[in-house]
Amino acid sequence: MAKVRVHELAKELGITSKDAVTKLQELGEFVRSASSTIEAPVVRKLRNAYPAAGASKSEAPAAAPKAPASPAATRPAPAPGPAAPKAPEPKAEAPAAASAPSAPAPAAPAPAAPAAAASAPSAPAPAAPSTGAKPGARPAPKAEAPAAPARSGGQGSAPRPGGPRPGNNPFATSQGMPRGRGGDNERPPRPGNNPFAPSQGMPRPGGSRTEGERPGGPRPAAGAGGPRPGAPRPGGTQGARPGAPRPAGAPGARPGAGGGNRPTPGMMPNRTERPAPAGAGRPGGGGRGPGRPGGAPGTGGAPGAGGGAPAGGGFGKGGRGRGGTQGAFGKGGAGRGKQRKSKRAKRQELEQMSAPSLGGVSVPRGDGNTVVRLRRGSSITDFADKIEANPAALVTVLFHLGEMATATQSLDEETFALLGEELGYKLQVVSPEDEERELLSGFDIDFDAELEAEGDEELEARPPVVTVMGHVDHGKTRLLDAIRNSDVVAGEHGGITQHIGAYQITTEHEGAERKITFIDTPGHEAFTAMRARGAKVTDIAILVVAADDGVMPQTVEALNHAQAANVPIVVAVNKIDKEGANPDKVRGQLTEYGLVPEEYGGDTMFVEVSARQNLNIDELLEAVLLTADAALDMRANPNKDARGIAIEANLDKGRGAVATVLVQSGTLHVGDTIVAGTAHGRVRAMFDDDGSVLTEAGPSRPVQVLGLSNVPRAGDTFFVTADERTARQIAEKREAADRNAALAKRRKRISLEDFDQAVAEGKIDTLNLILKGDVSGAVEALEDALLKIDVGEGVQLRVIHRGVGAITQNDVNLATVDSAVIIGFNVKPAERVAELADREGVDMRFYSVIYAAIDDIEMALKGMLKPEYEEVQLGTAEVREVFRSSKFGNIAGSIVRSGVIRRNSKARISRDGKIIGDNLTVETLKRFKDDATEVRTDFECGIGLGSYNDINEGDIIETFEMREKPRV
């Protein structure tokens with residue numbers, strides 16, 4: 001089966017595209033929009049979810065032939081006798097039998113309806129009686145109830161179909177006029193009486209017809225029709241007629257459509273000119289209200305004669321008269337009754353009246369306790385769907401609250417809190433953990449229930465996972481190097497660990513071989529997030545403290561991470577062989593943070609080691625195992641699908657995305673389909689820390705995995721899924737959620753107060769960056785450090801793209817479009833990419849140590865700030881005498897008391913210590929009669945301040961200039 005688009009399948013099932021998309025999301029299938037294509041299994045799943053829709057669709061061709069059939073042929077005519085409360089009438093035969101004797105019975109099933117319609121033309125047309133009476137008509141009523149003129153518009157002698165006339169029923173689903181089965185006497189619909197018909201012309205079914213051919217005789221004048229049976233219609237329904245034939249025509253038929261031209265609005269009878277018979281009642285309702293006795297012809301109720309019918313005549317009490325033709329051409333008839341509003345319309349009006357208005361729009365409000373849950377990075381449209389409001393109205397409300405956003409823009413939690421407080425809602429942004437739990441529940445994945453279902457007999461012992469933490473340059477990597485007997489420090493730049501490594505060693509403990517897994521987390525403050533993730537996956541933390549430096553800020557930070565995760569701590573006092581080492585000082589300092597040594601009566605093990613001299617390494621490993629056995633229950637179930645943590649990932653040139661993962665439970669096999677964060681794929685190969693090929697990895701085993709679609713982030717969880725499609729859908733949903741959350745976090749809030757100023761200044765300056773690195777953890781740490789740089793409100797830093805691997809041509813193209821700077825961390829571009837960057841003028845910078853990158857970007861941000869100016873005083877002058885000049889105004893004859901007075905400099909005048917003139921300019925400066933550029937201390941001069949003339953003797957003129965203030 002080929003792929004099907006969602007909207008095509010929705011049309012086939014008879015549902016809307018939005019309902020189809022929503023149903024697919026409920027079924028756990030991720031589709032982006034109604035234009036997305038879905039596979040055959042998903043199509044079958046959606047078809048099974050709508051069995052009724054599919055059945056009705058398949059039955060539609062069989063039901064289609066029913067449409068041409070007359071209503072009288074599809075249902076038996078009701079007995080008109082019991083429904084006539086005023087005048088009894090005899091039982092009438094079905095019109096179908098009168099018009100088509102060869103047609104099958106009305107009770108024939110649906111498939112026989114086309115055959116009945118086909119045989120109808122073969123029925124002979126009955127001869128028109130000379131009296132104008134219709135066959136099978138009801139007998140004329142008594143004389144005290146004169147009948148109105150009979151209606152015409154078809155073949156005068158042919159009986160009309162007995163079905164309902166939906167053209168007169170405003171609540172009918174179809175406004176068309178059903179066609180009869182009378183062959184040549186077939187009566188077409190009268191669109192002139194149907195205000196909803198596309199054509200208002202009156203068809204002529206029988207060709208041209210002269211006045212003498214009418215069975216009812218000559219037409220009467222307006223309002224002077226012949227008698228009409230005054231008995232009410234049986235049933236009293238809203239315009240629906242039973243299957244009985246209509247009464248016979250009187251000697252004068254109602255003025256209606258016959259021969260001649262087609263009716264137009266100008267041919268309608270004028271209400272003021274038609275003579276009404278004596279004693280006639282007012283016209284009946286225009287098709288809605290109950291018919292009144294009498295009235296002019298064609299105005300809704302049946303026309304009556306002078307005597308009038310009994311009360312409730314016309315079409316009977318509770319019946320509905322036929323609407324006039326005025327409604328078909330414009331304004332309805334004058335006798336139209338008052339329409340009643342439906343309950344739905346009344347409810348909508350009530351909701352609109354009760355909805356408060358803010359900023360000219362009506363929005364539903366909560367009671368102050370209404371809780372609305374939103375995902376991270378939700379938009380106004382998502383919030384509007386929750387409260388059933390118009391997104392445009394919420395945008396207007398937010399605008400009046402001083403915030404600007406579009407309906408589809410991701411908003412942060414503060415903006416939603418402001419909007420919810422105004423509308424009376426308590427908005428709760430779902431945490432990442434709850435969001436992940438809800439996402440997995442859509443795929444029937446529940447890890448919590450799985451853990452509860454495990455029994456003790458299924459659990460087996462596993463090695464402890466140890467994290468080495470501590471301050472920068474305190475010897476963590478060298479200590480791990482001493483444990484592994486390998487050298488990894490030489491590959492680090494500046495002796496700083498740039499990414500996480502995971503290793504497993506084997507040691508002897510109490511005569512048995514025990515395995516220990518080590519995770520080396522960076523100690524630099526920029527890697528706080530990575531160290532926090534390392535503390536979450538570990539069982540025991542080794543806190544490395546240099547004996548000569550003691551406790552440092554990152555030592556305290558690492559200690560707090562371990563304590564927050566309830567991780568037991570073993571303290572390794574390193575560098576005891578160095579001069580100035582004081583292990584007792586370290587013990588005393590850590591006691592202040594709750595780590596009391598066993599020597600002091602506490603429960604924390606302190607081991608003095610020297611990584612350089614390989615001193616007491618075995619004692620440290622023994623302390624780790626003793627702490628693990630005493631404080632932890634290190635067991636896991638290896639007989640299930642694997643779950644764990646992605647410790648580190650990078651992009652290898654020959655192998656693609658390579659992820660270092662730590663299996664926490666279950667067993668990971670080659671060929672398993674896994675999803676790790678936003679990456680997914682099938683495990684093509686596994687390697688241990690020595691490069692050996694593995695086929696499976698049990699709990700607490702770190703391995704390198706090949707086969708992922710992209711590079712996961714450090715700290716992302718991974719687990720095995722049933723198939724690749726499920727893994728891909730989970731990864732795509734995670735990616736969409738992370739993208740919305742990042743957009744909401746990166747959004748720069750602009751209030752209305754400074755919006756005009758920001759526009760006038762050329763908008764907000766933004767430094768766009770593209771970050772590329774060798775490993776994902778380093779890129780993420782660099783991004784976090786850069787986003788923490790605070791240089792004021794005037795500059796915004798924006799990371800438009802981040803990735804792992806070499807700088808590519810796509811990166812240069814993106815930087816060209818967005819005027820971005822490319823930052824390479826331990827990566828270089830290809831030669832062709834570098835030439836493209838030079839040709840496009842893209843700035844690329846390369847770093848191997850994170851300090852230099854942070855410092856350079858911080859300086860660049862400060863250089864982008866608007867220049868700040870400060871006032872610098874140049875000099876002061878005292879006014880000795882004021883000279884009046886018609887050309888230059890008042891000239892202040894002054895003596896310079898301090899500094900220098902320069903021409904065109906800013907000035908202010910103070911009198912008795914109070915400033916009386918500010919923001920002035922020294923427009924003229926003279927020494928005697930000569931112009932001067934500047935005048936120094938103790939020299940006399942003449943100062944002209946332009947049009948400012950409020951100068952008196954004794955005033956002080958102070959001059960100054962605005963100099964750019966250097967940033968620090």
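Note: Cβ is positioned from N, Cα and C throughout, glycine not excepted.
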Of the ranges 430-437, 470-477, 582-589, which one does Swiss-Prot flag as region 'G1'?
470-477
Range annotated as region 'G3' - as stated in Swiss-Prot, picked from 412-415, 520-523, 808-811
520-523
Do you know which of 574-577, 654-657, 670-673, 762-765 Swiss-Prot annotates as region 'G4'?
574-577
For which of the residue intervals 455-459, 495-499, 680-684 does Swiss-Prot record region 'G2'?
495-499
Grab the pLDDT values for the region 'G3' (520-523) and give me their mean, rounded.
59
From the DSSP assignment alone, can you count helix, strand and coil residues within the region 'G1' (470-477)?
2 helix, 1 strand, 5 coil
